[in-house]
Structures are given as C-alpha cells and as structure tokens.
Amino acid sequence: MPVPARLAPAKVNLGLYVLRRRPDGYHDLSTVFLPLGWADRLSGRRADELVLTTTDPGLPTDGSNLVVRAALALRQWAGNPALGAALHLEKRVPYGAGLGGGSSDAAAALRLLTGLWSLDVPEADLHALALGLGSDVPFFLDGVPAYGTGRGEHLDPLLDPDGQPYRCPFWLVVAVPDIHVSTAEAFASITPDDGSRPDLAAAVVSNDLVRWRAEVTNDFQGPVEATHPEIRAAREALLDAGAGHAVLSGTGAAVVGVFEAEDTAVEAAEALPATCRVWTELPEGE
Ligand code: C5P
C-alpha cells in the first residue's frame, strides 16, 4: 500500500533556558518550540532493501543519516529485519542550523514507515524511539507549538490564555548564516547557574514584545555569538531593520526576527547579508 509523502517542518525555539547539567551528561532545558512552514519532504515505497536517496549531495545517506537511523530503530522495534523501503528526502531546510531539520526528518521517517510497514506502534513506544534518535525528535512527531522541558522531550502543547492552541501573530524572518555551530561545543560552553527563571511559556503566549525582549531569550546566544560574529551581525541586521525582537534558535546558527508588520519583515529579509539563507513565516491564519 503506498503512503503519502510527509512534510518535515523546521522549528524555531522562542527562548531556550539551560537549567542544569544532569548526571547523564545532558542538560535540563526550558524552551518553546514553534514549527515553521519551511519543510523538507520525505517520500517512500516498500522495497527489498533499506535505501535512502536525497536531493542534497552533501548529505550522507548511510547509517549516519537520522532518517536511516530512524528506519533501523523502527525495524528493530518490529523485530523484522526483512522490512525494506526506498526513501527519498527532498532537503530544503538548512541542517546543523538550530532549526531541527535532521530531527524533523527522523520523526517524519518514523511516521511514514509506521504506515508503510503497517505497524501498530503505541505512541509511547514511538516517543521512546524518537528520543533515542535525539532530544528534539519527539517534538516533531506531532509538530505543534509546544513548551518543552527535560531534554526537550517533555512536551506540553502551548496554549493561549483562552486555552486554545497558540497561534503566533507575528511575521518571523529566519536568517541562517552560512556557518556551522557544534551543538556539543555550545552545551560545553554553558555553565547553568540554577537560579529561578521566568515562565517562558507564559512570556511567549503574552505576545508582548517588551516581555519577549526581556524573557524570550536564549542562553546560548552570548557564548555562540562570541565565537561566531556572523550570527551577531545577522541578529543586529534584523533589529536595525525594525524587528521588535531577534533571538538565536537552538544552538544556532539560525536567528529569528520578530515583526509586527509585513512591510518591515519583507524589507528586513531583503537587508540581510547575502550569505544568509532566509525564510519568512507568515503569522498563523494569514
Ligand atoms: O540529543 P541530541 O543528540 O540532539 O544531543 C546532541 C548533544 O547536545 C548531546 O550529546 C549533548 O552534548 C547536548 N545536549 C545536552 N542536553 C540536551 C540536548 C542536547 O547536553 N537537552
């Protein structure tokens, strides 16, 4: 039975606090995940072997690709090494950029192959498989705005004050400088101070940009910008062009600029350095 292709959306973090280092080496976080319309596309059909092809020649297609790792993990869960698939990934979102591109592809692979292989996988098992692939992967299983804690895998849907799913009312311009930030190095550069932190979910859903500037912040921004001036330049270009707020996503290099008006957002996107890849996200409902 053929299954429909799946979109694998990027995300931005609207705020990211690193709360403490854990005995297992990971860090407890507090963050808001917001999915974007910018997405990769994963398609697949049953095949004798497990094969991945992609539109991006720079991307590995062996066991180091999270899509292949997701397929192998699911096949192991099913206990059936004969399960095969020909998977094709249209790569559109820059990876290694703090946009969760690889994690989203992995979640899309879990969902797509569950259907393709007609597996009845309990959601809790799928969540555990996702977490085994990476801290951000569980978020992408549903891909709805969420408040994440723990490694980022404890997810609460982000609700507005009326209890409705949060819809971001702003234009977002995502600038991705053409540099790579090592996630492990970024975590190593942080010393959490165990102090109390603002309620990030409440800050985001307030839609108050004064509050966003004070509280929707990313603990990686200072240390990462200190070693990567291109990121600071992109963020300052967004602010100079009229962003009400601009903040690093994940461990970078992506920066998200927040705009109240379309014309300012469009002009800001055009004013970014030519070396940046740029995505403009419309307010939800536009
Ligand atoms: O889980 P993931 O493979 O995405 O994590 C990559 C690296 O980022 C980990 O090896 C760890 O160094 C760091 N990390 C962390 N705490 C988290 C998530 C990631 O320390 N919550």
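Placed from the backbone N, Cα and C atoms, the Cβ positions cover glycine too.
What you are looking at is a predicted structure, and each value in this text was computed from that prediction instead of being measured.
As written in TrEMBL, here are the features:
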{"type": "ACT_SITE", "residues": "Lys11", "note": "active site"}
{"type": "DOMAIN", "residues": "65-142", "note": "domain 'GHMP kinase N-terminal'"}
{"type": "BINDING", "residues": "Pro94, Tyr95, Gly96, Ala97, Gly98, Leu99, Gly100, Gly101, Gly102, Ser103, Ser104", "note": "ATP binding site"}
{"type": "ACT_SITE", "residues": "Asp136", "note": "active site"}
{"type": "DOMAIN", "residues": "201-276", "note": "domain 'GHMP kinase C-terminal'"}
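Structure coloured by features recorded in TrEMBL.
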residue: Lys11; record: active site; Cβ neighbours (10 Å): 29
residue: Pro94; record: ATP binding site; Cβ neighbours (10 Å): 22
residue: Gly96; record: ATP binding site; Cβ neighbours (10 Å): 18
residue: Gly98; record: ATP binding site; Cβ neighbours (10 Å): 31
residue: Gly100; record: ATP binding site; Cβ neighbours (10 Å): 32
residue: Gly102; record: ATP binding site; Cβ neighbours (10 Å): 23
residue: Ser104; record: ATP binding site; Cβ neighbours (10 Å): 31
residue: Asp136; record: active site; Cβ neighbours (10 Å): 28
What kind of secondary structure is Ser104 (ATP binding site) part of, going by DSSP in three states?
-> helix
Under DSSP, the domain 'GHMP kinase C-terminal' (201-276) has how many residues in helix, strand and coil?
-> 41 helix, 10 strand, 25 coil
Three-class DSSP secondary structure - Pro94 (ATP binding site) | coil
Do you know the mean pLDDT across the domain 'GHMP kinase N-terminal' (65-142)?
-> 98
Would you kindly give the Cα-Cα distance separating Asp136 (active site) and Ser104 (ATP binding site), rounded to the nearest Å?
-> 8
Give the helix, strand or coil assignment DSSP yields for Asp136 (active site).
-> coil
Cβ within 8 Å of the mean position of the Cβ atoms of Pro94, Tyr95, Gly96, Ala97, Gly98, Leu99, Gly100, Gly101, Gly102, Ser103, Ser104: remaining residues of the chain near ATP | Ala10, Val93, Gly250
Which ones are near Lys11 (active site): of the binding-site residues Gly96, Gly100, Gly102, which have a Cα within 10 Å?
-> Gly100
